[in-house]
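Novice: Sharing a structure with you now.
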């Protein structure tokens, strides 16, 4: 009963924010981040457009299906991916209804790509689009996805994967700040960050089987800085600290463990933890370490070929292992002394507060505000005005 009362209060507060003039977007962000997120799809239809500042009054009509498909160089690939997306639809949905939605899914993707020739389709993009389609319907989904693709997802939609790799390079510095032991273990295993690629580029839509968890995360990500998904990825790894440290310290074992994401994660506490970490270690502070990681890690896991393999959902373990062996043979000399020296002398910043132990939790209201305020501080190469 207590929970219901809390939920009613939250719904009332969301509608107050929606109905105020001007709309109280800061409160809507806070509601999307705080426990339970936006609660229902009906509310999401109203709030998601506000979080992305999309005007819902004059949504463009969808173009004719036939010519969209005839004109598109991506049609075949999109078709294949959408056909494979069965498990993203609610179990028990009648086939004809699902097939209708899959056609709409193809239309939305081709429409956004046609209107924005600078964007390049990637495998996994459809996992994000289908989430919007199922929650808000095709016309609104088209407008939201277009805005998202030119902002939050922009780096994944370049012709190369350089910017995506750049974002993945934030993962290890975040882990290092909170838990040096896990960080060093992963470095020794040389696992790289490829296990988190599909998490990042689908906003976890591809790897979580329960739609409720997916939309809860979308509430959170839409209300935050575009780098928040990588903080959330770090928090998942940190949450699994014991499993990681109990694992064999080699690339294949650790990669295999981490790429199997547990379905019963404590989402609310992880969301709140990711918000805290963002406030404590904003991207601007991690940018230098991320850049160093890019320089230092010419490991197998960061080569373009491996990214391609991972993104087509093959099991990259064997490829990685093979590359890793070749590399080992070439680099025996450098190991030993150099490695030990670098690990021992690595400065440990901000360590005197062992965050994990203190369970330090910034009230999320403040976190949400800081997230929005510091939204634009990161890596100078991105000068997008993300928030209005």
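Placement of Cβ uses the backbone N, Cα and C atoms for every residue, glycine included.
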Novice: Would you please say which range out of 191-208, 245-262, 263-280 has the annotation transmembrane segment in TrEMBL?
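Specialist: That would be 191-208, the stretch labelled transmembrane segment in TrEMBL.
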Novice: Have a look at 331-351, 352-372 and point to the one annotated transmembrane segment in TrEMBL.
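Specialist: My reading of TrEMBL: the transmembrane segment range is 352-372.
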